[in-house]
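K.L.:
Take this structure, written in structure tokens, and hold onto it; I'll ask about it next.
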């Protein structure tokens, strides 16, 4: 595996160029969110586009665009809405889907195989193809522009059920047997013994759900049309469509919308990739 | 609680019986007792199973299967959102209208074009990136993080960001091209370039994610296979063809199918970046369905298109499965 010097140079130059392509739009976004409009356009023709403004250039602090963005639109409200939406789905989704996954992994009951087949089959249904009748249903239920309407339709998740089932299949039965002998009820066994020992799969599912729903666009767009119910992904468009368009504010708002994802990926990426590769190799 | 009480009472009873009777009799009775208990235990297991499964089943039924059936039903009606009480059955009228709908045809071919380009390119880029950094190189974690970083942004964020980068008059990309003496391009404003611009952005955003999955797959290929190939004097290229690629087959297949399905669902990028323009060149299938349903409120026709869309996605998935299975057999 010896490499010549030229080979090494070619490798690192290639890697660096690709890095520039992948990283610079992100850096441009971050850096521009700290500049004023004049600086953004002035710097665009040089490498300065990817460097933060000098402290001497900044008027009103590095975060003036952020302050203005939050003043111009109720960004805080959008973020809170997004958090309620995603966390609501995560909490209820973890309970409902883990229970279903546990049922399919542990208990023998009539039609168990049939239900597993149905659940896996629903994975193929593209959500995009049902959002219209789903909207009509939620409308009839009177749930338009409510958190209920945002959250409830997406609590049950076939993919999550499948992940939980796979995990619980490998869960050591002996622990549950021991608890049963001690007189613990099935519900008790599940919530007191199985759940606390299954943190990895709960983390994986929670992260997958967070990423999917924090980034959700179509459903919140349709169901949360009222301004007070908008999620961050819907609210972002305001900065793009309503003049005057301030590039600095746009970049600040985009950065704000990305921060939660950045946090999740920085600290919990391991679980996410684990979960997805797990299913990838099993399929 | 009740159940466990009664079962412990039963147990006590059994013990009492056994104590008061002779051994032979007990031996006689035991199997029958066991049978009864097994039956009730079976019933209890089934009840517990359904107790655990029911919430998910009910929710999936109401919010996934019912809408699925409703879409199918609506597709044969003239359901119009503003007149929900005046719905009549119109047979295959919606479906025959699809055939003559020029906008649908354009949206269909736009989507196919997007998928046909994005799928192989993104797959190749993801695999290429994974191979590049699946070595002992310096700053490996840095490179991996850099390639992965666009995944952290949502499609909405990326679409808005790239709209500004693609800006024909003062966008970042044209300014950079100008440094190399390349004239400014219209990008999203041109019918010829708009879809390609969306494609470039989509690959950029998604490839890092599949790279991660490929990386995990590469690490699962046993090293002794490479060692064996070394002993046989295989070249790098031979090792790639005969060890790496077969080792990645399942993962590549999984990625292939997921990217294809995702490509057919194209919606956010054109909606935010071009509103389907210019001249409808970036209008996708899902976007057309969305507009028909929510802007023109024609639920019946939109549902018919949604049914066709579902059939297309299913067909693509099944064809891919069949093709790749054949390949595996050879």
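Here the Cβ of each residue, glycine as well, is placed from N, Cα and C on the backbone.
TrEMBL: automatically predicted annotations, no manual curation.
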K.L.:
Pick from A:189-211, A:212-234: which stretch is listed in TrEMBL under transmembrane segment?
P.N.:
A:189-211
K.L.:
Can you identify, from A:150-168, A:169-187, the stretch that TrEMBL calls transmembrane segment?
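P.N.:
In TrEMBL, residues A:150-168 carry the label transmembrane segment.
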K.L.:
Pick from A:60-82, A:83-105: which range does TrEMBL record as transmembrane segment?
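P.N.:
That would be A:83-105, per the transmembrane segment entry in TrEMBL.
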K.L.:
Tell me which range among A:9-31, A:32-54 TrEMBL lists as transmembrane segment.
P.N.:
A:9-31
K.L.:
I need to check the long-range neighbours of the transmembrane segment (A:83-105): which residues 6 or more away from its ends have a CB within less than 8 Å of a CB in the stretch?
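P.N.:
Apart from its flanks, the transmembrane segment (A:83-105) reaches 112, 115-116, 119, 147, 150-151, 154-157, 160-169, 171, 190, 194-195, 198, 201-202, 205-206, 209-210, 213-214, 216, 220, 231.
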K.L.:
Mind checking which residues of the chain, 6+ beyond the ends of the transmembrane segment (A:112-138), have their Cβ under 8 Å from one of its Cβ atoms?
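P.N.:
Contacts with the transmembrane segment (A:112-138): 100, 103-104, 144, 149, 153, 158-159, 161-162, 165, 218-219, 222-223.
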K.L.:
Near the transmembrane segment (A:150-168), which same-chain residues lie under 8 Å Cβ to Cβ, leaving out any that are not at least 6 residues past its ends?
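P.N.:
Non-local partners: 84-85, 88-89, 92-94, 96-98, 100-102, 104-106, 116, 119-120, 122-123, 134, 138, 143, 194, 198, 200-201, 204-205, 208-209, 213, 219-220, 223-224, 229, 231, 275, 278-279, 282.
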